[in-house]
Ligand code: C5P
């Protein structure tokens, strides 16, 4: 007889870049009011869940060593949250294959949490409504609802209140992954400090950027990319200035710090340009490693196997 190895569920979740990240004032609950235009990118994590005797987490791939495998990991918290809702033990083995840089400003932890919600909904046949998943996602973290949804969207509140944004065409990106990460709360705190000291410029509204997305023209989009967290990320990691300069010198249309950094994202004219920029940037010695990616792509979704594209 064949041994009864439980069949896994595999879910792929995208990374993200903020095309526009407008940061408002610090709220009483410790969060900042945001206006964020997100785009989901093809650089992804895959999460595999299967029935087991107890909850466990293993991590493979990109900087796996520094990812916690206990209750500090959002996938652990996602499993406990859904188990409570389902009235069962969170007895699952979760394997995370990381492609998204850890603490890189690309929502890697949020992607894993969103993927776990989708995977356990499927494994435990919960049949959750979209609205329920969105609510659990928002409880786990500000970026988790976007990791569920994917595509291109505008987020307000903590970033968790989402509306889809019309975006034509595929955009091509080069990502410069830094040595070491930045903790999101540290970057927000640094921005508060910079704002208390002086008055760094703040982004306006993203109307023109949304128009450029609807037109689907990277040349029009490039000068409109903006991130209010960038001065704070650069203050904590001044070497990122060189990375940003090297990307545009290599032929990118524009470069920005992705979210809270330290990953730098470079928008390119097309797929060929992205390959050329990535080759040049890789040789410039201004980052740990370089990846190409495209977007928008879908949010967390069940796939048949990890070789799927
Ligand atoms: O929601 P999440 O747990 O991912 O947020 C991590 C941290 O990032 C928060 O504790 C807070 O310091 C900062 N943050 C913020 N304003 C937001 C989102 C996150 O200050 N809108």
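A Cβ is built for glycine as well, from the same backbone N, Cα and C atoms used for every other residue.
According to DSSP, residue 16 (active site) sits within a strand segment. With a cut-off of 8 Å between CB atoms and residues at least 6 apart in sequence, the same chain places 38, 39, 40, 41, 106, 107, 110, 111, 143, 146, 147, 258, 259 near residue 16 (active site), listed in sequence order. Per TrEMBL, active site is recorded for 16 (among others).
Taken from TrEMBL, the feature active site applies to 143 (among others). DSSP assigns residue 143 (active site) to coil in the three-state reduction, placing it in neither a helix nor a strand.
Here residue 103 (ATP binding site) comes close to 66, 180, 181, 182, 183, 184: these same-chain residues lie at least six apart in sequence, with C-beta atoms under 8 angstroms from its C-beta. The ATP binding site annotation in TrEMBL covers 101, 102, 103, 104, 105, 106, 107, 108, 109, 110, 111.
Among the features that TrEMBL reports, domain 'GHMP kinase N-terminal' is placed at 73-151.
The domain 'GHMP kinase C-terminal' annotation in TrEMBL covers 209-282.
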For the domain 'GHMP kinase C-terminal' (209-282), residues assigned helix / strand / coil by DSSP: 43 helix, 11 strand, 20 coil
Additional residues surrounding ATP, by Cβ distance to the 101, 102, 103, 104, 105, 106, 107, 108, 109, 110, 111 centre under 8 Å: 15, 100
Which same-chain residues, if any, lie at least 6 apart from residue 101 (ATP binding site) yet have Cβ under 8 Å of it: 62, 63, 108, 175, 177, 178, 181, 263
Local Cβ density at residue 111 (ATP binding site) - other Cβ atoms counted within 10 Å: 36
Counts of helix, strand and coil residues, the domain 'GHMP kinase N-terminal' (73-151), according to DSSP: 46 helix, 8 strand, 25 coil
